[in-house]
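Visitor: Copied straight from TrEMBL:
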type: ACT_SITE; residues: CYS266; note: active site, nucleophile
type: BINDING; residues: ASP30, LYS35, THR86, THR121, GLU158, LYS269, ARG333; note: NAD(+) binding site
type: BINDING; residues: PHE155, LEU156, LYS157, GLU158, LYS210, PHE255, ILE256, TYR257, PRO258, GLY259, GLY263, LYS326; note: substrate binding site
type: DOMAIN; residues: 319-423; note: domain 'UDP-glucose/GDP-mannose dehydrogenase C-terminal'
Amino acid sequence: MKVTIFGSGYVGLVTGACLAEVGNDVLCVDVDERKIDLLKAGGVPIYEPGLEEMVRKNTAAGRLSFTTDVAAGVAHGLFQFIAVGTPPDEDGSADLQYVLAVARSIGEHMEDYRIVVDKSTVPVGTADKVRQALAGVLESRGRNLEFDVVSNPEFLKEGAAIDDFMRPDRIVVGTDNPRTAELLRVLYGPFNRNHDRLVMMDIRSAELTKYAANAMLATKISFMNEMSALAEKLGADVEAVRRGIGADPRIGYHFIYPGCGYGGSCFPKDVKALIHTGRSVGHAPAVLEAVEAVNDRQKAVLHDKLKAHFGDLAGRTIAVWGLAFKPNTDDMREAPSRVLMEALWADGATVRAHDPVAMEECERIYGERPDLVLCATPEEAAEGADALALVTEWNLFRSPDFQALREIMKSPVVFDGRNVYDPQRMADEGFIYHAIGRPEVNPRPA
Ligand code: UDX
């Protein structure tokens, strides 16, 4: 089938590559000429395991192509996916200008029936706005053409996006037209094996489903972070509590890892947007407001602990392991590492940081500054440091040579923002070890 994707960002590219992979003829449209040139040359502007190979293979096979020509895009696909960004406005609501601009372009150029698929995460009611925008342009052209608008939210995790798309646990489609529903069933057929993963519903429910999923996951995390704070006050170990509650299948083991807060392009933005939506319809979502407040507090927790340990941080050197908001991505949007580093800089401390893929991104964000030293290895970052803060649980950090680490650090103090290490082992290795929601074990005397 012929598919056009507007927006060659994260969601658009993954969607385009995966739909081409199963044999569709996909054209990706983006306004950014540099990005399109890079893609045409076989490059991929983001880091996502497996994506570059998939893009190259399908481009070579002629099933995937790229253009900045909007008219060509509208002419190409029966399906017109909208996968452009919806950055948060000042007040936390999603900014729909790019989505609606695509809708208007489709209206300007279409010559026969089109199915417009909202893939971007957009507030409830956006499909109606897309429909109005498109219909308005058709009317001004004096054309009476048929089209449908469908909501088809994505549930991709960064670092696992290809797998999530190719083997989804559900495919949510919101439409009010049974004929369109059938066409989407055909398009998603190759991903809908073993048992029916398509969940068909009305458009508004599909739009809300996306927010509900992310808000629920964020709630689990903030709940556990709340428990970790209580555990610290009460002398309990949140990791034992985690295993104890996770065994109940109604709770489950997933997404109950306490840490130094959730980041990324989705949870913070979507929780904010849903709070904003709730308020705007006269229902302040109390649970979500708390989820956000707890997360803001949690991102400050490593800095609070460092301060509690050292008192004044001016002139101190702190090693930071992990800059990305989670492993297997170079994405630093809303990353806890940023809150920590910025607080340390404000205190007059120096950061020596290592991340296996996000250092370029870090340099792009912060530029060169004397109080930030980006180091080629984790060990180099730890050299001469007063303390080490582990912020992202990359595999590379899981089993360091602790003796060597102790020797290169100025003092053996570790703040573990992801509860990666065993407190007893750390004490045995001679470290003062602070984790999240875990009792401290006194180190053996040197
Ligand atoms: C998320 C959703 O998982 C995905 O379905 C949606 O489409 C987009 O948002 P992503 O932002 O890529 O995906 O990352 P995810 O793996 O969900 O992690 C989000 C954040 O939560 C990370 O900062 C991670 O460190 C944190 N987290 C996750 C925890 O602190 N504890 C956990 O138990 C799980």
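Keep in mind that glycine also has a Cβ here, set from the backbone N, Cα and C atoms.
What you are looking at is a predicted structure, and each value in this text was computed from that prediction instead of being measured.
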Visitor: ILE256, CYS266: which of these recorded positions has the sparsest Cβ neighbourhood within 10 Å?
Guide: ILE256
Visitor: Should we count any of the binding-site residues LYS35, THR121, PHE155, ARG333 as near ligand 1, judged by a CB under 6 A from one of its atoms, and which?
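Guide: Only PHE155 meet the Cβ criterion.
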Visitor: Considering the binding-site residues LYS35, LYS157, LYS210, ARG333, which residue's Cβ sits among the greatest number of other Cβ atoms within 10 Å?
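Guide: The largest 10 Å Cβ neighbour count belongs to LYS210.
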Visitor: Between the recorded positions LYS35, CYS266, ARG333, which lies closest to LYS210 (substrate binding site), Cα to Cα?
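Guide: In terms of Cα distance, LYS210 (substrate binding site) lies closest to CYS266.
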Visitor: Provide, as an integer number of angstrom, the distance between the C-alpha atoms of ASP30 (NAD(+) binding site) and GLY263 (substrate binding site).
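Guide: Just about 26 Å between their Cα atoms.
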Visitor: Using the residues the record lists for substrate (PHE155, LEU156, LYS157, GLU158, LYS210, PHE255, ILE256, TYR257, PRO258, GLY259, GLY263, LYS326), what whole-number Å value is the largest Cα to Cα distance?
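Guide: Looking at PHE155, LEU156, LYS157, GLU158, LYS210, PHE255, ILE256, TYR257, PRO258, GLY259, GLY263, LYS326 as a set, their Cα atoms extend up to 24 Å apart.
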Visitor: Inside 10 Å of the Cβ of THR121 (NAD(+) binding site), count up the other Cβ atoms and send me the figure.
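Guide: For THR121 (NAD(+) binding site), the 10 Å Cβ neighbour count is 22.
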Visitor: At the Cα level, what's the spacing in Å between LYS35 (NAD(+) binding site) and PHE155 (substrate binding site), rounded?
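Guide: Taking the Cα atoms only, LYS35 (NAD(+) binding site) lies 24 Å from PHE155 (substrate binding site).
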Visitor: Taking GLU158, LYS269 as the binding-site residues to compare, which has the smallest set of other Cβ atoms within 10 Å?
Guide: LYS269
Visitor: Output the one of PRO258, GLY263 that, of all these binding-site residues, has the highest number of other Cβ atoms within 10 Å of its Cβ.
Guide: PRO258
Visitor: In whole Å, how far does the CA atom of THR121 (NAD(+) binding site) lie from that of PHE155 (substrate binding site)?
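Guide: THR121 (NAD(+) binding site) to PHE155 (substrate binding site), Cα-Cα distance: 10 Å.
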Visitor: Sort out the sequence-distant neighbours of THR86 (NAD(+) binding site) for me: same chain, 6+ apart, CB within less than 8 Å of its CB, listed by position.
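Guide: Sequence-distant Cβ neighbours: ALA94, ASP95, LEU96, TYR98, VAL99, SER120, THR121, VAL122.
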Visitor: Name the one residue among LYS157, ILE256, PRO258 whose Cα is closest in three-dimensional space to that of ARG333 (NAD(+) binding site); these are the binding-site residues.
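Guide: The answer is LYS157.
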Visitor: Where does the mean pLDDT land for the domain 'UDP-glucose/GDP-mannose dehydrogenase C-terminal' (319-423)?
Guide: 97
